[in-house]
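J.: Below are the features listed in Swiss-Prot for this protein:
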- Asp485, Asp491: Mg(2+) binding site (BINDING)
- 552-611: domain 'KH' (DOMAIN)
- 621-689: domain 'S1 motif' (DOMAIN)
- 687-721: region 'Disordered' (REGION)
Amino acid sequence: MTEHVFEATVNGKPFTIKTGRLAKQAAGAALVQYGETIVLVTVAAATEPKEDADFLPLSVEYQEKIYSAGRIPGNYFRREIGRPSEKETLTCRLTDRPIRPLFPAGYTFETQVITTVLSMDRENDPDVLSIVGASAALTISDLPFDGPLAAVRVGRLNGTLVANPTNTELDDCDINIVVAGSRSGVVMVEGGSNVVSEAEMLEAIFFGHNALLPLIDIQDQMRNACGKPKRVIVPPEKDTELETRIAELVGDAVAQAVTEPEKDARKSALSKVRENLFQGLGEAFADRKREIKGLFSDLVKKVCRDIVLNQGRRIDGRAFDEVRPISCEVGVLPRTHGSALFTRGETQVLGVMTLGSGHDEQRVETLFGDETRPFMLHYNFPPFCVGEVKRVMGPSRRDIGHGNLAHRGISYVLPDKETFDYTIRLVSEVLESNGSSSMGTVCSCILALMDGGVPIKAPVSGIAMGLVADGDKVAVLSDILGDEDHFGDMDFKVTGTEKGITALQMDIKIKSLSREILEKALHQAKDGRIHILGKMLEALSHYRDDISPYAPKIYIVKIHPDKIREIIGPGGKVIRELQAMSNTRIEVDDSGTVKIAASTEEEARIAIKAVEDIGRVPEPGEIYEGEVVRITDFGAFIQIKNGTDGLCHISELEHHHVKSVTDVVKMGDKVRVKVLEVSPEGKIRLSRKALLPAPEKGEEDEKSAPRSRRPGGNSDRRNNR
């Protein structure tokens, strides 16, 4: 098969998609390259539809091969094993979300999209290549797909918007978002920003949409050049007579049930209406329960949308821009370092903050290199929060994605390491959920930080926006319920301070969004954020002056860089002993800065004194009790503190003449000595005799008397001359 090559230009660099040479047995395959980053994206699908499937059976996988960055995996087996990394999970979601709405209703063939990172240049992130490759592979495959779409990353560097900035440039960008779109408009947005206005964010989003259009052009060229004929999908026909009869039987009851203000009451009322429907239809429809359930769900969705679009109200009675009642509490857990309970309507989230030292930083192996992360946020969504019974397992893709969104929204307001040198872990425990638990996570975790005395730059709140649209009728909803998310057309989450946006995430179920709708949603979200922020600040208006008494205290000691080796000791022996002795955590960096994390002042005092004793250069006149560690003919080397030895010359051992060093001291002896001199090179001269009492005159003369001479010695001969 002939290889086809298609090329566009993004930010002055070639963006290439190739097909026809690799993975030819897949339904579609695209090799995507930008810079020296290359990904292979494949799509495969079952030949028969999945029986009784009432959902889209699509799975998306993203695999980072460590060899792509010229490295060998650091685990015991030296191969890629185990569950996907956090980065892989997030990129799976990023790839899945824009393509999922573009499959037709009634498509039930099991479908799998796999992205494999083959080459990584550490400057161009593979995530946007994965989205483009997935669209390209689906576009040329035989699968029905209402694409193509494309994606770019948008950064703002020194006030200038840039498409697909490099990883190095992103460090200096105050906007970092991924924009996915079709030719007609924006489909998905995900990213963060360093407190920018709604107008600036809107400009960045549509700058990204313009930048991705050339990538859609080359996919159209691919489809024309090598696209396969599409499968014909015939969705199951609706029984319109049955649909009408269901509406006649329970339409009014559904309209009444969905307007129950509380989630459980609404769910219970709809369940009763559905049971009444089965009874009303009778035994003649007993074998069509699955079909009836589907038609009933369609009716509920239709009624809910009608209430919003034609009656101008929401199913729980709120106005379109109204936020549910909010309550906030701080300091709810006495022994944690910071805690807060945030409740908005029937969504309740407990935020807990823990402080640690540099030892507690998360260490991660990525294609960009090994990283340490001093800030972590973990989101937990137990089944009881929605009244369900499920097996409790590790974090799901959804949990990781929601936690990452909250992490991004908060990270921009955290203090830098120079101001607050702690590792921070936030945990979100969702206790109740009826929409927007990720935004509840942001609010509860910010309050937990403030309760724990973390000097954040500004408080952050978050809100989830929804959309119901039908032709010219459009309703933008603030603080959506779970049901509004289900029957609506958009889920748009925005976090920010009073002054601007810190993170956003948008997914839609329709083909695209116009600029006008996005602008309205952003400004309505700002009003909601400010309202929520006001309620939060009523609970705690400013971060506390002091951290929790149960949190570790960080103390800084400076030593000369030459002393680092002595602090650490051979194989880390000395620093381990210091930590065990003082019950502290001690870190030393290359500049000679020693950080001591202690739970009490007494533990800190012990560690500080020990470090200072090792790190300080002895001065003449100081007295130490040391240990003899080496003996030579000319003296004894005495260790006066960890890693520091000095020489006590044989002449400095006693006031009288010493024939052999071992006549006075032996290996391991404890000896009190005085520092006589410290040379510029750091060599230390010690004296033992300086601390001994001066001998009596006669005793000194006796011990110092000359040794007896042999008869006939030289002295006599000299005298006889």
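Each Cβ is built from the backbone N, Cα and C atoms, and glycine gets one as well.
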J.: Name, in the order they occur in the sequence, the residues of the same chain whose CB lies under 8 A from the CB of Asp485 (Mg(2+) binding site) and which sit 6 or more residues away.
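T.: Spatial neighbours, sequence-distant, of Asp485 (Mg(2+) binding site): Gly435, Ala464, Gly466, Asp491.
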J.: Taking the Cβ of Asp491 (Mg(2+) binding site) as the centre, count every other Cβ atom within 10 Å, in any protein chain shown.
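T.: So the Cβ neighbour count for Asp491 (Mg(2+) binding site) comes to 21.
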J.: Counting by DSSP secondary structure, give me helix, strand and coil numbers for the domain 'S1 motif' (621-689).
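T.: Residue counts for the domain 'S1 motif' (621-689) by secondary structure: 7 helix, 36 strand, 26 coil.
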J.: Mind checking how the domain 'KH' (552-611) divides into helix, strand and coil residues in DSSP?
T.: 32 helix, 16 strand, 12 coil
J.: How would DSSP class Asp491 (Mg(2+) binding site) in three states?
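T.: In the DSSP reduction, Asp491 (Mg(2+) binding site) maps to strand.
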J.: Can you give me the average pLDDT across the domain 'KH' (552-611), rounded to a whole number?
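T.: Per the prediction, mean pLDDT sits at 89 for the domain 'KH' (552-611).
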